[in-house]
Structure formats: C-alpha cells, structure tokens
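Here's what TrEMBL has on this protein:
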{"type": "DOMAIN", "residues": "B:30-142", "note": "domain 'PurM-like N-terminal'"}
{"type": "BINDING", "residues": "B:Asp32, B:Ser46, B:Asp78", "note": "Mg(2+) 4 binding site"}
{"type": "BINDING", "residues": "B:Asp32, B:Asp78, B:Asp214", "note": "Mg(2+) 3 binding site"}
{"type": "BINDING", "residues": "B:Thr47, B:Asp49, B:Asp126", "note": "Mg(2+) 1 binding site"}
{"type": "BINDING", "residues": "B:Asp49, B:Asp78", "note": "Mg(2+) 2 binding site"}
{"type": "BINDING", "residues": "B:His56, B:Glu267, B:Phe323", "note": "substrate binding site"}
{"type": "BINDING", "residues": "B:Gly125, B:Asp126, B:Arg152, B:Ser216", "note": "ATP binding site"}
{"type": "DOMAIN", "residues": "B:156-309", "note": "domain 'PurM-like C-terminal'"}
{"type": "BINDING", "residues": "B:Asp217", "note": "Mg(2+) 5 binding site"}
Number of protein chains: 2
Amino acid sequence: MRLGEIGEFGLIGRIAGKVAAGAGVRLGIGDDAAVTETEAGRLLLSTADMLVEGIHFDLSFTDPFRLGRKSLAVNVSDIAAMGGHPRHALLCLAIPADLPVEFLDRFADGVISLAEEFGVTLIGGDTCRSSSGLVISITLHGEQIPARIIPRSGARPGDDLFVTGTVGDSALGLELLRRGERSGHAVERHLNPTPRVSAGLSLAESGMASAMIDVSDGVLADLGHILTGSGVGARIDASLIPLSPYFSQRAPDVAPAPLSLALTGGEDYELLFTAAPGRTAQVETLLAASGVTATRIGAIVAGSDVTVTAADGSLIPPERRGFNHFAP
Amino acid sequence: MRLGEIGEFGLIGRIAGKVAAGAGVRLGIGDDAAVTETEAGRLLLSTADMLVEGIHFDLSFTDPFRLGRKSLAVNVSDIAAMGGHPRHALLCLAIPADLPVEFLDRFADGVISLAEEFGVTLIGGDTCRSSSGLVISITLHGEQIPARIIPRSGARPGDDLFVTGTVGDSALGLELLRRGERSGHAVERHLNPTPRVSAGLSLAESGMASAMIDVSDGVLADLGHILTGSGVGARIDASLIPLSPYFSQRAPDVAPAPLSLALTGGEDYELLFTAAPGRTAQVETLLAASGVTATRIGAIVAGSDVTVTAADGSLIPPERRGFNHFAP
C-alpha cells in the first residue's frame, strides 16, 4: 500500500492505534499539542536526535523494526546518561513518497516495542513527505529530581573513570555490515542497541556518579565532552578498556588497530561516567544489580589533556576526534 | 565558510552563543538532555513540526532569517491553539554539506528573533548532515494550568464559530511567489507568519473558547479536526469569512475561486475556535485587546456535516480536503 492512499491522517491514525495509554498523559496524539504531567518535585529532561537515511542508517543493512527501535533507543540513551526516567516521545518523520505503508507499520512497531520496554509513551509528532530519503526526528522527555540529575560537568581530579558493558562492538558491526555480514553480536549491537536506563538510574539514586555521558560518538570523543564540561583532563589505561570476546576475535580481521576502533568507534550507547576515588568495588556491585558490568578504565586528572597508556606503560598518541558530521 | 571547517560542535557552539538565559532553564544546550522546570500546577504542552526543503519551503522564495522565524512560528502557533504559554524549544537540523555557515547563522538569528518575541528559549536539539536538502524539525514546549487548556474536542451544537484575523493571505502569497512576486502583504504573511499567542492566552484565561485549532491546513480542513474531535457538524456563512483588502484585490488575479482559496488555503496560522452562543461581542472585545480581530463565521450543529452557505443563501458544495502531504 502507498502512503498517498491513506494520507497523512491515515498514517497518524495507524500509528496512534498502536499506542497504549501512558502514565502522565492527559492528551496524546491528535491535538495541536500533547498534554502531559510532570511529577511534583521533578525536573523535565528533553533530548532530540535526528536520523537521516544515507547518513545514519542504510536500509540495505537494517530492517524497519530494528530501525524503529534504534531511533528511539538513541534518545532513551541520552535520558539514561542524565540519570533520568524516560517518559514521553514525539516522533517526526519525513517520508519518501514510494515508501510502503507496511514499512512504516513495522517501523512504528519497532519504536513502540522499545518504548514499552522502557516505559515510554508516544504522545505526538509530525509526518510529512520527504523530497529524498527517510528522515526520523525524535524528541524524548524524561524526569528526575534535581539532586539526582547527573550532568557532564561534575568530574573532579582524582575521580575514577568507568564505562559500562563493552565498547567497539557497534563500530565493528558497522564495518562487518559494510563487508556483507548481516548477523552476529557486533552487527546486532550496531542495529539494535540497548540503552542503559537501569544503570543510569542506579547511579543517579546512589549519588555515586559525578559526571556521565553516553558513548554515541566514541569513548574518546564523549570523554572529551565530560572533560570540557568539567574543566579537567584524564588518563586512560588502554589495557583496561572492556572488549567483548566477539570483538577481540573479529576486530583484527577488519581494523588494523582494534584498540583505536574501541576508543573512537561510536554508537555503543554504553555509559561513560566518573566517581569519587576508592569506590570501584561499590560501583561494580551497584551496576551488576542493574545487569551490566562497570569497568574502571582510568582516572580524571587536573589540566585538560588526555593520555592513553598501553599495557607496557608507553603513551599512545591521543586521537580525540569523534565522527565529524560535517567532514567533507 | 563551509560546515566541514567548523564541525558539528562548532555549529552548536555558534547557535548556543546566540541564546540568552531563559526562565525555567536549569541546563540548556550542551548536555545529553536539557533540564527545565515546569511551573507548579501546570501541565506540559509539547508539539513538533518538521519542515522539508522542496516540500514546505523553497529557498528561492524565502531567506534564511524568515525561514528560521517561520520554522519556530508554526510550533508556537500550535501552543497558542491550546491556549498555552510557549516556553522551550529543541531544534534539529539535517544540513546539506554545501550550505554555507552564514546561511545557518542567519537561520539561527531568525529562530531566535521569533523565540525572543514570544518568550521561548532554545534549550537543545541535534545537527547532522543531510543527504539532500535542508530538513528542520522543532519541538516546542508550552505550559498551562489544566482548566485553561483548550482542546479540539470541546465544541457543542449551538456554539458559534470564530476565526481570528483574515484567512487566505498565505495561500495567495504562495501563489504570488510561484508567479515571481517577492514582496507584498500576502507574500509576507506566507513567509513570516505571526502566531496568535496573546489571542490564545486571552481565550484560555477567559474560559470563553470551547474548542480551538490553528489554521495550518486551511479553514475547512482544520475545522474538520474540531468536528471529528468534538463529534459535531458546522455551518459556515461564506460571506462572513474575513478577507484582507489585499486578498480581495489580488486573489481574483490568481485564483478562479477566491473564496475557495480562503477556505482551503493553509498556513494562515490564525486561530479557529468555538464559543457558547450569544457571546460574539464579548469575544470581539476580548481579542481586540490582544490586537487581533475575531470574526464569527458560522456555528456548530449536531451531526457531522459541514455546510457552506453563500451570501444569497445557496449551498456551496463542501470541499473538506486539506493538503494531502502524501498525495501523488
């Protein structure tokens, strides 16, 4: 079925029909604006991400269901990185005229499956025609009480630096997709990432993290945002970077420098955070209860430099550049 | 200057540098999510609109400053149509690689000039590369206390139907732009619309409006949303439709049926609303204080039909179709 047959309001109706009633929603899809409650004493967290066909995703690599999940997941990850509870989402789509309605149905199913996993309700948005590829823009609201919000700016010299899970898998997955693979641990992590909401909330509620960000542009690039925001530097022990067994096995096939892929590859959607020194065991235990590992990978230092040390103690020249969206 | 030279974070920094501190903003541009307060006792209103180059705007018709203003104005109009106070905005841009930084500077100036006029603060968003044209996606937050929010669903048989200002000017302006004109009242209304925030707030605070929507798709199409939402029908007296002197003079040059242009042309961003019968003078006086006219153009009736009556009392066949975003 083509979109022209059902029209914009037909499409909105199809999506709205999939959305269950959500907590705090007074008025959902279908008016000039959605109306929601913010719980007393809590602040509103708002984040927005745009995904453009040919830039952020390739329809020959992914399927509409996983694309829908990932489109929301990258926003949920931003709320997780503030230590917040994800709540309500607005979905905007610019849609090529020849995209089948069935694609959009599966895409919406994907958005909603991830939404339901994380307690998010779709409350509004916009749909229109695209003059070329598919463009997805999602705004997500979250909530948290003021004292528990974890900004990028709280890291202090002496703090330990941690990352959840493993890094590099997503970048490896993208490279494997480019080489024709369509499945496996790394491909799945690239196409269907899991935002670390429970881990973020545990850190928020425990007061343990001094600064936090999610790994979307790569460990070094995202660490750079914490350092800039906090006015500090860092040293990373490369031998501590947590890698999956799959990454350790496959990365050497596709990357001349697997460690660089792990440090600069983006889209892992793990949490990178700092905590006061001497709490490594506590942090590990806390996050284990959220179902993820936490690994100490270095420490915050005075100044603004980042040093990366190899297992033998030698310095690795820092590569702090993340993905430049506007590079030629 | 090209975007590749300053990068994504350079661009975000340029935009952030233009934004003044805003009320209720605890943490603005630059973290994983923005952090804002919702005033005690108020609900959050959220709306999102997407504008796509080649679909919603033509860069040979407009300039970046007015494009920036309009991109935010269409969202502000949605908050106005709920009777809300516009507050905080998130701006997402997918940007062609060859778009000069100077264009984006002027665009941001336009967004911020309208934001400042209506008390809106830019708190976040996203920027990325576009694989073809410019895509603009804005989410706007507003606030209002529950009892003052004006949904589409409150119209009752017997209510009078009103519209603010004049309609048809924007559609006329678009037609004149297509014919090569680049200035004049109608062109200006199309490229630089004024959202009716004061009028919406006056109606909200007075409790006078039973249902409201903004005229984005055209009077008949938007009336259709009120009727569907409220489960009612309407009759419109075509001779009462408020037209600007400019429209009356110029519309016959470009449209075989100027009245149809006024009833189905979109993007006027006037408010279309209903009020209990017998309050026409009160409504006119109230809105005059907000600096806009209000004109009674018909009434709500039982059922679901819309009838449009000409000055001589004859029925005009209803044309209820708005712009179909996905029409072939």
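From the backbone N, Cα and C atoms, a Cβ is placed for every residue, glycine too.
Positions of TrEMBL features highlighted on the structure.
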{"residue": "B:Asp32", "record": "Mg(2+) 4 binding site", "Cβ within 10 Å": "29"}
{"residue": "B:Ser46", "record": "Mg(2+) 4 binding site", "Cβ within 10 Å": "27"}
{"residue": "B:Thr47", "record": "Mg(2+) 1 binding site", "Cβ within 10 Å": "29"}
{"residue": "B:Asp49", "record": "Mg(2+) 1 binding site", "Cβ within 10 Å": "23"}
{"residue": "B:His56", "record": "substrate binding site", "Cβ within 10 Å": "21"}
{"residue": "B:Asp78", "record": "Mg(2+) 4 binding site", "Cβ within 10 Å": "29"}
{"residue": "B:Arg152", "record": "ATP binding site", "Cβ within 10 Å": "24"}
{"residue": "B:Asp214", "record": "Mg(2+) 3 binding site", "Cβ within 10 Å": "27"}
{"residue": "B:Ser216", "record": "ATP binding site", "Cβ within 10 Å": "23"}
{"residue": "B:Asp217", "record": "Mg(2+) 5 binding site", "Cβ within 10 Å": "23"}
Listed binding-site residues (B:Ser46, B:Asp49, B:Asp78, B:Gly125, B:Asp217, B:Glu267) that sit near chain A [CB under 8 A]: B:Ser46, B:Asp49, B:Asp78, B:Gly125
Those binding-site residues of B:Asp78, B:Gly125, B:Asp217 having Cα within 10 angstroms of B:Thr47 (Mg(2+) 1 binding site): B:Asp78
10 Å Cα neighbourhood of B:Asp214 (Mg(2+) 3 binding site): matching binding-site residues from B:Ser46, B:His56, B:Asp78, B:Gly125, B:Asp126, B:Glu267: B:Asp78, B:Glu267
Most distant Cα pair in Å, residues B:Gly125, B:Asp126, B:Arg152, B:Ser216 binding ATP: 31
Model confidence over the domain 'PurM-like C-terminal' (B:156-309), averaged pLDDT: 96
Number of Cβ atoms other than its own within 10 Å, given for B:Asp126 (Mg(2+) 1 binding site): 24
Neighbouring C-beta atoms (10 Å sphere around the C-beta of B:Gly125 (ATP binding site)): 24
Binding-site residues near B:Ser216 (ATP binding site), in sequence order, restricted to B:Ser46, B:Asp49, B:Asp78 and a 10 Å Cα cut-off: B:Asp78
Residue from B:His56, B:Asp126, B:Arg152, B:Asp217 whose C-alpha is spatially nearest that of B:Ser46 (Mg(2+) 4 binding site), among the binding-site residues: B:Arg152
By Cα-Cα distance, the member of binding-site residues B:Asp49, B:Arg152, B:Asp217 nearest B:Glu267 (substrate binding site): B:Asp217
